[in-house]
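Following: one structure in structure tokens, then a few remarks.
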Amino acid sequence: IVTRLAARDLHKPISILFCNLAVSDLFTSFSGFWISMLFITNPDVTIFGSQDMLAPYSLYTTSILSTIYNQVSIGIERYLAVARSMRTRFRVARHHSIAVVFISWLLAFLLGCLPLMGWNCLGAERSVSVLYSPFCVNYLVFITMPNVVVAFLVPLFTYLRIILILRKRKLRMQACGQASSTYKSAETQVARTSISIWLLALVSYAPFLAGVIFDAANRRCHTDLYPGAYIFRNCTAMLITSACLGNPVLYTLRFGALGARLKALRCPSASRVRAI
């Protein structure tokens, strides 16, 4: 975040989306740490639920939703950047990325803070979530189902389209008798990265989706599910945190360039001397 904000040449549309994704991951880790501290100090609160759990769970939900929207917007931006020269003249500008960032956070806050606005089950035991009390089961289904589907399908479609576009360009270059090693390497790299991104999303969010489905279909008490169901719940939280650790690796993959950038920011005079 500091590197992309300090370096002016990195203030590009895709860099703004990358920086916003890092902010979302930071908030996810912070809210997860908040929930962990509540579990350490008072484990019963995270099992049976209370008023104290509404704020950290709402922040956690908001951060996850913002991360999903950022991943979707990055995939769409990459698709538009690759397909621009073939089908469309639309070019993503900096103000477009800023608008996407604002809309994604606004939507994430509106959906994530619904329990704070009254959609909770503090006084209704019938529809309360067993795994995420005092959230309501219908709220979790309303939030989880469409957003997880979007997190799976939209990146899958955009990255598959990018791979197909690169393959068509490679075949066109071969038909013209020109070298196509550049397109072949680009196709391989994009395919490898896109598959890794999709698999990371699948591993991170699919168990959480399974937990919500189990929660909606289950009508037993908290004590009947202890401790196995709550161990599974904690594992799903760890998998979501692993996505926060994997996103910087998958979306940059340039540790050498990042290290050189950090060194240039620490020693700006030396970088100017080299440039001269």
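Every residue gets a Cβ built from N, Cα and C, even glycine.
A TrEMBL annotation is a machine prediction, not a hand-curated record.
Summarising the annotation, TrEMBL assigns domain 'G-protein coupled receptors family 1 profile' to 1-251.
Nonlocal intrachain contacts for the transmembrane segment (14-37), taken as residues 6+ away from its ends with a CB within less than 8 angstroms of a stretch CB, comprise 1, 4-5, 46, 53, 56-57, 59-60, 62-64, 66-67, 70-71, 73-74, 77-78, 81, 92, 94, 97-98, 100-101, 104-105, 237, 240-241, 243-244, 247-248, 251-252. According to TrEMBL, the feature transmembrane segment maps to 14-37 (among others).
The transmembrane segment annotation in TrEMBL covers 57-76 (among others).
The transmembrane segment feature in TrEMBL is assigned to 97-119 (among others).
According to TrEMBL, the feature transmembrane segment maps to 139-164 (among others).
Sequence annotations record features per position, and here TrEMBL assigns transmembrane segment to 197-217 (among others).
The transmembrane segment feature in TrEMBL is assigned to 229-253 (among others). Sequence-distant contacts of the transmembrane segment (229-253) (same chain, at least 6 residues past either end, Cβ-Cβ under 8 Å): 18, 21-22, 25-26, 28-29, 32, 35, 47, 64, 67, 71, 74, 130-132, 193, 196-197, 200-201, 203-205, 207-208, 211, 214.
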